[in-house]
Amino acid sequence: MGLGLLQIGLTLCIVIAITPVLGRYIARVFLEERTILDPLMNPIERSIYVISGVRPKDDMTGWQYIRAILYTNLFMGILVYSLIHYQRLLPWNPNGFGVPRWDIILHTVVSFVTNTDQQHYAGETTLSYFSQVAALGFLMFTSAATGLAVGIAFIRGLTGKKLGNFYIDLTRGITRILLPISVIGAIALVLLGVPQTLGGSLTITTLEGGTQYIARGPVASFEMIKMLGENGGGFFAANSAHPFENPNGATNFIETIAMIAIPAAMIYTYGVFAKNIKQAWLLFWMVFIVFVILVWVAATGELQGNPLVNGTLGIEKPNLEGKELRFGWAETALWAVMTTATMCGAVNGMHDALMPQGLFATLFNLFLQIIWGGQGTGTAYLFIYLILTVFLTGLMVGRTPEIFGRKIEKREIVLASLILLVHPIVVLIPSAIALAYPYSLSGITNPGFHGISQVVYEYASASSNNGSGLEGLTDNSLWWNLSTSLSILVGRYVPIIAMLLLADSMSRKQTVPQTPGTLKTDSLLFTTVTAGIVLILGVLTFFPVLALGPIAEAFKLASGS
């Protein structure tokens, strides 16, 4: 127990230490201040702009920024769909894989282009190395950079600056942040035992005299951007539970830090943009405290173990079902909460085997989307709640709501409400449909309360662009591929459109001079109220689902049945 808690504590301390360093660096990149990579990257970026016809000094309006995102994402999706469809004709296919079904290709492309990386296939038996690295690997960089660009544009708008240029933000996000860190991280993973090869599967003879095929590939480079970009899609079906993706405690530590580094740093980046580091730290600690509570809930459940198993065996042991023993209960619980908090979606153990407390924590993260949140977009979601808090507190004291010196009016509240309503709509309605019809019900492997959790988790993971799943669900079917693709698209692009329109609206407003009655958003009291509103809205929206799923399952286990 002590060692497990020490591992969790050490990881969280490192997160706190690197947040201001990386947050300040990200701010310098997007404020176009000098960085250590300027001599190397400036010529490369200028060449990219010249070839693509981008004018770096041209700022975009909200709708221009939105159109740029939609057009580039559509183009990249069509390109990658074609590459996977024709993978049998392309190089780096030593295992001779053919063409997957059209619906699995569609779901995969939609999933990866949106930074969701929900996988209904096994990578080692479905996709060639070219499809994995050149196609999906390409989307891992661009989808992460797209989310990062949205977060930065949103921060710019709230702080009264122009939104910027999407193509510039996309390029700088890749060249200055994602690519350099991924290269360093991939080298570290190779040194620690993660394979990086274009050789085909190995054929070996087992001790019993049988034949076994061992899949391998260019895993290290794929793995690092998977974690750093909050992508989460694994090279292998077992994801980071596979010994080739995550062979030991050292690689697990690197991947855990990579997973949370940018979402945590983005809060500090806001503080630099707004010239209000105090508020950034208050928001950081608000999110951090809720995160630690959820880690404690999940870790306690795993440490106490399954009461039915322990009662039958007459021992008190942690829950080790679905765990890799090289990580144990503590690192698995921390990872499960972190991967759903950051919308990464990678797993180092099976979430389907989590105790109800752990399942509650992971679902809670997927429902709120702000406990760190996704790449860039998580920070934007956090400020949506901040805007609603200002609006509600303004109503209570009879003042016109203001934030960052700008009035919050009907348009902003309508857009903020739309952003928060999209997620429950594309989670709860498809879940109800899936639970009502025999065709979709056939994919559910657990008829009890856990079966409800399997369905809701699948759509919550899709809509929040997380991508993890309770893998007891048989999800590689036409229904699940198409329905989750729709949830992914709506859950990704409708909030992004509304966020950018809201930011554009705020950037155009005149600054209102501060008065003694102006609500200060950088106070402990206001931050506490924000946390309360976040939790209340989350509980009111999704508590019935939590009650029917993990809470009911916990009571059933406690009763001994």
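Here the Cβ of each residue, glycine as well, is placed from N, Cα and C on the backbone.
Annotation source Swiss-Prot lists transmembrane segment at 2-22 (among others).
For 65-85 (among others), the entry in Swiss-Prot reads transmembrane segment, with the evidence type sequence analysis.
Sequence-remote contacts of a segment are chain residues at least 6 beyond its ends whose Cβ falls under 8 Å from one of its Cβ atoms, and for the transmembrane segment (135-155) they are 30, 65, 69, 72-73, 76, 80, 83-84, 108-109, 112-115, 117, 127, 163-164, 166, 169-171, 173-174, 177-179, 182, 221-222, 225-226, 228-231, 233, 262, 266, 269-270, 273-274, 374-380, 383, 465, 496, 499-500, 502-503. According to Swiss-Prot, the transmembrane segment annotation covers 135-155 (among others), on the basis of sequence analysis.
As annotated by Swiss-Prot, transmembrane segment applies to 177-197 (among others), with the evidence given as sequence analysis.
Residues annotated as transmembrane segment in Swiss-Prot, with sequence analysis given as evidence: 253-273 (among others).
Annotation source Swiss-Prot lists transmembrane segment at 280-300 (among others), citing sequence analysis.
Taken from Swiss-Prot, the feature transmembrane segment covers 327-347 (among others), and the record attributes it to sequence analysis.
What Swiss-Prot lists as transmembrane segment is 353-373 (among others), and the listing cites sequence analysis. Proximity of distant same-chain residues to the transmembrane segment (353-373), defined by a Cβ-Cβ separation under 8 Å and at least 6 residues beyond the stretch ends, is recorded for 260, 263-264, 287, 290-291, 294-295, 297-298, 300-302, 304-306, 319, 321-323, 333, 336-338, 340-343, 379-382, 385, 423-424, 427, 453, 456-457, 460-461, 464, 466, 468, 470, 534, 538, 541-542, 545-546, 549-551, 553-554, 557.
The transmembrane segment feature in Swiss-Prot is assigned to 378-398 (among others); the stated evidence is sequence analysis.
Marked as transmembrane segment by Swiss-Prot: 413-433 (among others). Sequence-distant contacts of the transmembrane segment (413-433) (same chain, at least 6 residues past either end, Cβ-Cβ under 8 Å): 367, 369, 381, 384, 387-388, 391, 440, 455-456, 459-460, 462-464, 483-484, 486-487, 490-491, 494-495, 498-499, 501-502, 505, 537, 541-542, 545.
Residues annotated as transmembrane segment in Swiss-Prot: 482-502 (among others). For the transmembrane segment (482-502), same-chain residues at least 6 beyond its ends with a Cβ under 8 Å from one of its own Cβ atoms are 62-63, 65-66, 69-70, 103, 106-107, 110-111, 114-116, 118, 120, 150, 153-154, 157, 163, 377, 380-381, 384, 387, 411-412, 415-416, 418-419, 422-423, 426-427, 430, 433-434, 440, 458-459, 462-465, 475.
According to Swiss-Prot, the feature transmembrane segment maps to 531-551 (among others). Within the chain carrying the transmembrane segment (531-551), a Cβ under 8 angstroms from the stretch's Cβ atoms is held by residues 286, 289-290, 356-357, 359-360, 363-364, 367-368, 370, 385, 388-389, 392, 420, 424, 428, 431, 449-450, 452-453, 456, all 6 or more beyond its ends.
Remote same-chain residues near the transmembrane segment (253-273) are listed as 11, 14-15, 18-27, 30-31, 148, 151-152, 155-156, 159, 161, 177, 181, 185, 188-189, 192, 223-224, 227-228, 230, 240, 246, 279-281, 283-284, 287, 331, 334-335, 338-339, 341-344, 346, 348, 372-376, 378-379, 382-383 (criterion: CB distance under 8 Å, separation of at least six residues from the stretch ends). Segment contact holds for the transmembrane segment (2-22) and the transmembrane segment (280-300), given three or more CB pairs below 8 angstroms at sequence separation of 6 or more. A Cβ distance under 8 Å defines the sequence-distant neighbours of the transmembrane segment (65-85), meaning residues of its chain 6+ beyond its ends; these are 99-100, 105-106, 108-110, 112-114, 127, 130-131, 134-136, 138-139, 142-143, 146, 149-150, 153, 163-164, 166-167, 170, 493, 496-497, 500-501, 504. Long-range contacts of the transmembrane segment (280-300) within the same chain: residues 4-5, 8, 12, 16, 19, 23, 264, 267-268, 270-272, 274, 329-330, 333-334, 336-338, 341, 354, 357-358, 360-362, 364-365, 370-372, 382, 386, 522-524, 527-528, 530-531, 534-535, each at least 6 residues beyond the stretch ends and with a Cβ under 8 Å from a Cβ of the stretch.
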